[in-house]
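Taken verbatim from TrEMBL:
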type: DOMAIN; residues: 136-261; note: domain 'Fatty acid hydroxylase'
type: TRANSMEM; residues: 41-62; note: transmembrane segment
type: TRANSMEM; residues: 91-115; note: transmembrane segment
type: TRANSMEM; residues: 127-149; note: transmembrane segment
type: TRANSMEM; residues: 169-195; note: transmembrane segment
type: TRANSMEM; residues: 207-228; note: transmembrane segment
Amino acid sequence: MLLQAIDNIDHIFEPYRKSIENSYDDWFRKRFENDPLKRDLYLTFMSLFVVHWIVGAIFTMADYCALKWPSIRRYKIQPKELEKSFNLERFMNLATMATVNLFFCFMITTFIHFIPSLHRSATNVPTFTRFIFEFIISIIVVEAGFYYVHRGLHYPSFYKHVHKFHHEWQAPISLTILYVHPIEHFLVNVIPILAGPWILGSHPSFTWFWIVFSLVVGMSNHSGWYYIVNLLGPPLFHDFHHHLFIGNYGLMGLFDRIHRTDLYFRQSRYFQNYRIILGMVPKEIDDKKGD
Ligand SMILES: [Zn+2]
Ligand SMILES: [Zn+2]
């Protein structure tokens, strides 16, 4: 019964799947002469540089508007910290670190190509139901990876030498996502994001869709705005972690619920705002305890 339903759904979407596959094969052949290394270096640049800076510029413009107009500022989670985001020296440090991490990703992409067991991928674009399956598994894998490694980085010795860097931004902005020590970037971002598609042997089209999706969601999670709707939880959840460095180690809160590391968050004013609906003005969070 279920298999029959899956077959029927895939049958409906098959013409679209085939058309995407033909376009992808054409593009891969003409633009990259079927060379996966050229393709992946190009896509690393496009996703981590172009997407990162375009999305970051949009959020930064919105932050600037919030700085100028109080009617917009009240939708920022930590409005009183906004001035600090526009400190030139701080911003240059952030841009430098993002660039370092971009080049670090070029090295990882190149390295992967010289270890055959690290790059196994399907030859066909996934069917619709396979796509949904890979998407759900990748979300669970990234949530688990992010939660446990991130939590581990809060052990004093790791925190002091690695993770403290990211927490310099107590009121994060979208670009803060790449303001991480390269070791943390590799352990918390790169591995958990790539693990899902690698375990599943995903087609490159899915892998790159997933990388860009994760990047944009991660940036919105760091944006410091209340009303950003994304599939991996609203920014409020991770903003709380930046504000107080305690609990909320995951993205969606799934593993925080299981391990009860979201208890402090649930007792705070952050959590009251977590439940408000679009159109309501959030309650201001202005003290150092978040409550
Ligand atoms: Zn963060
Ligand atoms: Zn942390």
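Using N, Cα and C of the backbone, Cβ positions are placed for all residues, glycine too.
Not measured: the values here are computed from a predicted model.
Most Cβ pairs under 8 A with the transmembrane segment (127-149) among the ranges 41-62, 91-115, 207-228 are made by 207-228. Residues of the domain 'Fatty acid hydroxylase' (136-261) grouped by DSSP class, helix first, strand second and coil last, total 87 helix, 1 strand, 38 coil.
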